[in-house]
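**Q** Here's the feature list from TrEMBL:
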TRANSMEM  6-26  transmembrane segment
TRANSMEM  70-90  transmembrane segment
TRANSMEM  96-115  transmembrane segment
TRANSMEM  160-180  transmembrane segment
TRANSMEM  212-234  transmembrane segment
TRANSMEM  254-271  transmembrane segment
TRANSMEM  278-298  transmembrane segment
TRANSMEM  310-336  transmembrane segment
TRANSMEM  378-397  transmembrane segment
Amino acid sequence: MLMCVYTGFCSGLPFFFIIQLIPAWLKVGGVDIKTIGALTLTQLPYLLKFLWAPLLDRFSPFSLGYRKGWLLLTQIGLLLIMPIYGFLIPSKNIDIIVILSLLTAFISATQDIAIDAYRREILNDDELGSGNSIHINIYRIAGFIPGGLSLIIADYFSWIEVFIFTATFILPMIIITFMLKEPSHTLTISPHKSVFKESTSEFVDRLSLSKALFVLAFVALYKLGDSLATSLATPFYLDMNFELKHIGTVAKNAVVWPSLLGALIGGIIISKFGLNRALWISGFIQMFSILGFVFLSYQGPFLTINYVKLFILATVISCESIGVGMGATALVTYISKNTSPLYTATQFALLTGFSAIPRTLINSLSGVLTAYLGWTNFFWLCFILAIPGMMLLFKVAPWNSKS
């Protein structure tokens, strides 16, 4: 279970670096909201990672093991690439930023393949709920570094120093990676066969074709509304006239503790009521948390920022964080239970890749949608888009069926 702290931090830091720190940097640097929204497409590697996931079940970098070797390789890559952003000017170097962001997402997504496989291989089935709860907790806490702490110091230091500061948090991850014990790797297929073909065939044979298609549709749609609503959260807060230091300070308390609470509640619900009911309960809470953004958009933009306005911001972020924590814990546990130990990396990458569809292909339109609809109507649209994923629960996780 303790290793889930490590996996959560490793996965969360680079992801929130991409989705929170980079958009804030671009917004402050004068990049328009449509361009920032379109840059969500640089997260495509999270969607397509199943294409190279079989390599992680086949090859072992540095001869350290299938999981440990890839973790070390990707973490060194992140340590080297993250500071480079500080030497760029958003309004002048957008082409370079796009390429750099694609590379960052590719390295981070590759690390996620190894992390997800490692976590699934060290946890027993009865530990998945609590283990994934810990993982999601630390995942969200790690997000406070680029999404909170780095934004605070950005008001006092140069962006070069901010990006270097953020990158230094990769160093403890590398040290722990050296200390890891490599889990047993159970893949036994012939080197002449395709890992991807064998793993997808096993997935379909185990569930049936129709059930497999429903599962893929569900993991893609379950967090669609929530993911779209939060894709431009930092630019939205800035448009409401909150400053970076406000966002960073409020996020410190309104993200960390509610996220912990949400993931903890999600894990408890899974243990007490089963995974199916946890998916229903968590889904409804994460869906209705979107209405907090609707409320905030009605209230702003604010002419002055005082404690009342900061309290409103904290309440919105807290509700969203609880919903995200619960929904993510339930979804990750669902994905874990639908993977085979024989093809952990490939099947986990396939399912999490489908779950990344909202925040890549659809979220890339968020800037255009907000420019056309305005913030209030945009968030109402996000609320409506959360409904299809909930409807699929009738098929993939009926309330009265066993998990």
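Cβ atoms are placed via backbone N, Cα and C, with glycine included.
Because the structure is a prediction, the values reported are computed rather than measured.
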**Q** By Cβ distance under 8 Å, which residues at least 6 away from the ends of the transmembrane segment (6-26) in the same chain are close to it?
**A** 35-36, 39, 42-43, 71, 75, 78, 82, 85, 90, 97, 101, 104-105, 107-108, 111-112, 115-116, 118-119, 134-147, 150-151, 154, 159, 162, 166, 169-170, 173, 176, 180, 231-235, 238, 244, 247, 359
**Q** Assess whether the transmembrane segment (160-180) lies in contact with the transmembrane segment (310-336), where contact requires at least three Cβ pairs under 8 Å among residues 6 or more apart in sequence.
**A** no
**Q** Under 8 Å between C-beta atoms and at least six residues away from its ends: which parts of the chain pack against the transmembrane segment (70-90)?
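**A** Sequence-distant neighbours of the transmembrane segment (70-90): 10, 14, 17, 22, 25-26, 28-31, 56, 60-62, 64, 96-97, 100, 103-104, 107-108, 110-111, 113-115, 118, 158-164, 166-167, 170-171, 173-174, 177-178, 180.
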**Q** Can you name the far-off residues of the same chain, 6+ from the ends of the transmembrane segment (254-271), with a Cβ under 8 Å from a Cβ of it?
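**A** Distal contacts: 129-130, 132-134, 136-137, 140-141, 143-144, 147-148, 277-278, 281-282, 313-315, 317-319, 321-330, 333, 403.
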**Q** Residues sitting near the transmembrane segment (96-115): Cβ under 8 Å, six or more positions beyond its termini, same chain?
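**A** Apart from its flanks, the transmembrane segment (96-115) reaches 7, 10-11, 14-15, 17-18, 22, 26, 39, 42-46, 48-49, 52-53, 56, 66-67, 70-71, 74-75, 77-78, 81-82, 84-85, 88, 90, 345, 348-349, 352.
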